[in-house]
Amino acid sequence: MRTQLKDVTKDTERAEVIGWVHEVRDLGGLSFYILRDRTGFLQATVVKKKAPEAVTECARNISRESVVRISGIVKATEKAPGGREIIPETMELISRAETPLPLDVSEKVLAEVDTRIDNRYLDARRPKVGAIFKIRSAVTHALYDLFFSEGFINIHSPKIVAAATEGGTELFPLAYFEKEAFLNQSPQLYKQMMMSAGFEKVFEIGPIFRAEEHNTTRHLNEATSIDVEVSFTDHNGVMDLLERAVVAAYTNVEKLCSDELELFDVDFTVPKSPFPKITYAQAIDIAAVSIDEDIGYGDDLSTAAERAIGEEMGQHYFITDWPTEIKPYYAMPYEDNPEICKAFDMMHPRMELSSGAQRIHQHDLLVEQIINKGLSPESFEFYLKPFKYGMPPHSGWGLGMERLIMTMLDLPNIREAVLFPRDRHRLTP
Ligand code: ATP
Ligand code: AMO
């Protein structure tokens, strides 16, 4: 029976293990093989004079990153990682790795991102890279737990659609028989329609597609969005939910991934709630005195502005009360001041993580806003119809999974938080 490497301890007498050969050190009469599996490392030590001939024969032919099976006696030794080693009685080469390797797995310094992603199957063998995806999995687990424990219904919205949701510029067109179709930019319209259906609380964690023209370190063409929509609550209600989601994600990572976190040079602390809130007007004031660019009320927040405000805030925070003009048509204007709306962004000091809003639920007002944005209500017919037949007040947000992970672990590039990233120059692997 195979034992995982972390379960081989100083007190283990005998074990059978299978792993990748992470390192080979041949000192002539003595050779060391560091085995690796997803749980850790184990040194196998072969003393040529003492080992069975079949073992020395197999050991001689072993290349790094080959898969081997070893059975033997376990001994305590301070000189090996984890304070123990295995002395092989049998050794079998299960799958040989060719040399040279396209990427050095044991190398401490990471190769260029492009080389790494070209060889992702090897790159992900590095404990630090594997750790990112174990942490991402713990975040996903925490979010599903939170949403289910709060009575949310999980939905899956279509990814092939006929209309833009977030504005038409970042759309990927698709050959769809005789019709024009696109990859969906956001579940926005569908999660709202389910409010009309009476589902009350829905969530979806799934792909979104955006034809981002430029390569940046925080944009992907295929990203994962954590989306929620909730009826009978306003923007403040869903901002509270967003805080709970971020705190739950961090808390689960702290609980389950302490070994993984040790691999990162990051000051990991669960964000304190409530997150501070500033209005868009206050955010612009901070940016105006902090950055060289010309920035004023009504402008989008540039990357430099986001950084400057983030530095001032020093933790996760909300920007509320945005000008209606620069937020999407579905954001609800304040009744007493329609120039501003009940939209918010949730920010990490480094960048935006989430956008959300209380939505317009009145059909005629929504049509008016669609027209104000220069869009045509005809192309939104399927979306607008539910607003005529009993649409409850509702609010929601979308939170970028990769940005959440990237900021949590202080990763320099968003591509590190996706197994197989898609950008303008990359469609494989
Ligand atoms: P969202 O689009 O979801 O609101 P975001 O963080 O991408 O989130 P944007 O409003 O698209 O926000 O961009 C904010 C700023 O980031 C822009 O003003 C611009 O400075 C920079 N930026 C956004 N997209 C790009 C891009 N594709 N290339 C270069 N810079 C970009
Ligand atoms: P928005 O367009 O702000 O809002 O997107 C929500 C969040 O999704 C993430 N995100 C991305 N991450 C990586 N690469 C991209 N190209 C990318 N685009 C977006 C960001 C962003 O904050 N429908 C609204 C949400 C809502 O109101 O419910 C929406 O899509 O972290």
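Yeah, the Cβs are placed from backbone N, Cα and C, and that goes for glycine too.
Curation plays no part in TrEMBL annotations; they are all automatic predictions.
From the candidate list GLU166, GLU260, GLU306, the residue TrEMBL records in the L-aspartate site shared with ARG210, SER355, ARG359 is GLU166. TrEMBL names ARG210, ALA211, GLU212, ARG218, HIS219, LEU220, GLY400, MET401, GLU402, ARG403 as ATP ligands; from the candidate set GLU150, GLU262, GLU339, GLU352, the record adds GLU352 to that same site.
Which of 16-19, 120-123, 188-191, 228-231 counts as region 'Aspartate' depends on TrEMBL, and there it is 188-191.
In the predicted model, the region 'Aspartate' (188-191) has a mean pLDDT of 97. Site extent for L-aspartate: among the recorded binding residues GLU166, ARG210, SER355, ARG359, the largest C-alpha separation is 22 Å. Proximity of the binding-site residues (ARG210, HIS219, GLU352, ARG359, MET401) to ligand 1: a Cβ under 6 Å from the molecule is found for HIS219, GLU352. Using a 10 Å Cβ-Cβ cutoff, SER355 (L-aspartate binding site) registers 21 neighbours. Among the binding-site residues ARG210, GLU212, HIS219, ARG359, ARG403, the ones whose Cβ sits under 6 Å from an atom of ligand 2 are, in sequence order, ARG210, GLU212, HIS219, ARG403. Among the binding-site residues listed here, namely GLU352, ARG359, MET401, MET401 has its C-alpha nearest to that of PRO81 (site 'Important for tRNA non-discrimination'). Minimal Cβ crowding within 10 Å, among the binding-site residues HIS219, ARG359, ARG403, is found at HIS219.
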